[in-house]
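Worksheet: one structure, shown below.
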Amino acid sequence: MELKMRLCVALLSLSLCLGLMGHVRAQEEADDVEMDVEDAIDDMREEDVEEEEEKAPGPPPVPTVTYRAPEPMGEHYFAESFDKGTLQGWVLSQAKKDGIDEEIAKYDGKWEVEEMKDTKLPGDKGLVLKSKAKHHAISALLLRPFTFDTKPLIVQYEVNFQTGIDCGGAYVKLLAQTPDLDLEEFVDKTPYTIMFGPDKCGEDYKLHFIFRHKNPKTGEFEEKHAKKPDADLRTYYTDKKTHLYTLVLNPDNSFEILIDQTVVNSGSLLNDMTPPINPPAEIEDPDDHKPEDWDERPKIQDPDSVKPEDWDEDAPAKIPDEDAVKPDGWLDEEPEYIGDPDALKPEDWDEDMDGEWEAPQIPNPICETAPGCGPWERPMIDNPNYKGKWKPPMIDNPNYQGVWKPRKIPNPDFFEDLHPFRMTPFSAVGLELWSMSSDIFFDNFFVTSDRTVAERWAADGWGLKKAAEGAAEPGLVNQMITAAEERPWLWIVYVLTVALPLVLIIVFCCTGKNKCHSVPYRRAQRPHLKPRTRKLRKKNQKSEDDILRRSPRNRKPRKD
């Protein structure tokens, strides 16, 4: 009983919503309730409460966020906020892509520097990919080349898919420092050191981290891909919010990938890249071949086993049931199907071309009430004497040698690079993209070797966007409705969340030895009134009209 009372108290806190229902019910039935002294007193008290509520101050206005362009406050190699409103320092590619039709080979996609369409931070500009289904390429030089030595690399920038993203990327390339680097000839085959950022096509949501590793023996480059993040990335592509993408590479070969300053992927360049940085020390000998007499069979048929004399291989698997009896009323002479008597030969039927016309078959209506029609046959059952084809039992192969594998030999291409962090220096930042969606917003590119400086830049740029978007967020109810529109099953969760507390209240509070008793409606609505109030009629010499005249609602009493 004590446990029940505790649960009742806890659940009653969830039933405050019933007050609103009771208020609506009271308003609907008020005209049918007799106006008496209790009504007048209650009405006057309600007006006092309403006057106090009118005097109460309203909720404070939503604070506004004032934009101020971020300024780099420490050592950095590249910083771009686009708040000057121009593409100064950026170079548009004038090249063509090889191996595709001339009509779409040009990098003629449009770029603009502008505010977001639905900006919450007036004055904040960014780089916007404007064209759909076109190749885009734009790049800018660093203040000085970045060399991988004893300091980490931090790359971060912001992306907002303003109209969503169907198929396309928003990744950045860190272009390798080479003597022939020409930003006007920036194409997909331009050498890069790192490619990093979001990419999506269909339902495949990717967050690339790819770097080109130089083979120390051959001098050739090979792309190494980070493992796929375990986190669900869908929201970052669909919520139309600005997200901050950060890549951190450390001299100890560890890496971190962050979205909105939260780690979504991490690992080691030595252990978590595909294909691996270092090849195996040994490989299978391509010149080794399996001997002809090599026996890989773990089991063989027992050569000493003999088929039993009573084994009948010719016995059928099924035989007619000799105990079956034809049901009474079986119509042997009636066919199961007959030609449709209502069918007519088509007027354009050509018997020379189409053959003799026959009416389509339909079930025989006479057979609907009979156990069956047509020749009766005994049903088939399993043959208890059936054994099938005899085979010798399997035994362990005494000559089994195991599964053959070629012998191992030293890998002639083996090398061991224990410092893959020491990548090719890069001297430019570039976006080389194809997208089936337009209005992709980029902002606040930053390259540094100091994580604190990067975090300060993020706070001054992305932090302001986050604050502005948060201030403009819809209320909890609107967020719940929006979430349910994307995931309809959430409506079930909402209903159960409301219904379960009510059911539990009834179960725990209105069952057991002490049953819930109905309370008169008027007392349930006004528990603050005491029974002695009803005696006012006898003691008060004023008429009901005088009392009602004092009521703010000035309701007329119901006539008997």
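Every residue gets a Cβ built from N, Cα and C, even glycine.
TrEMBL entries are annotated by machine, without manual review.
Noted in TrEMBL for the protein shown:
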| type | residues | note |
| --- | --- | --- |
| COMPBIAS | 287-326 | compositional bias 'Basic and acidic residues' |
| COMPBIAS | 330-339 | compositional bias 'Acidic residues' |
| COMPBIAS | 523-540 | compositional bias 'Basic residues' |
| COMPBIAS | 550-560 | compositional bias 'Basic residues' |
| DISULFID | C167-C201 | disulfide bond |
| REGION | 268-344 | region 'Disordered' |
| REGION | 522-560 | region 'Disordered' |
| SIGNAL | 1-26 | signal peptide |
| TRANSMEM | 489-512 | transmembrane segment |
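Residue counts of the compositional bias 'Basic and acidic residues' (287-326) by helix, strand and coil are 0 helix, 6 strand, 34 coil (DSSP-based). The C-beta environment of C167 (disulfide bond), restricted to residues of the same chain at least 6 apart in sequence and closer than 8 Å, consists of K200, C201, G202, S435, M436, S437.
Residue counts for the compositional bias 'Acidic residues' (330-339) under DSSP (helix as H, G, I; strand as E, B; rest coil) come to 0 helix, 4 strand, 6 coil. The 10 Å shell around the Cβ of C201 (disulfide bond) contains 14 further Cβ atoms across the protein chains shown.
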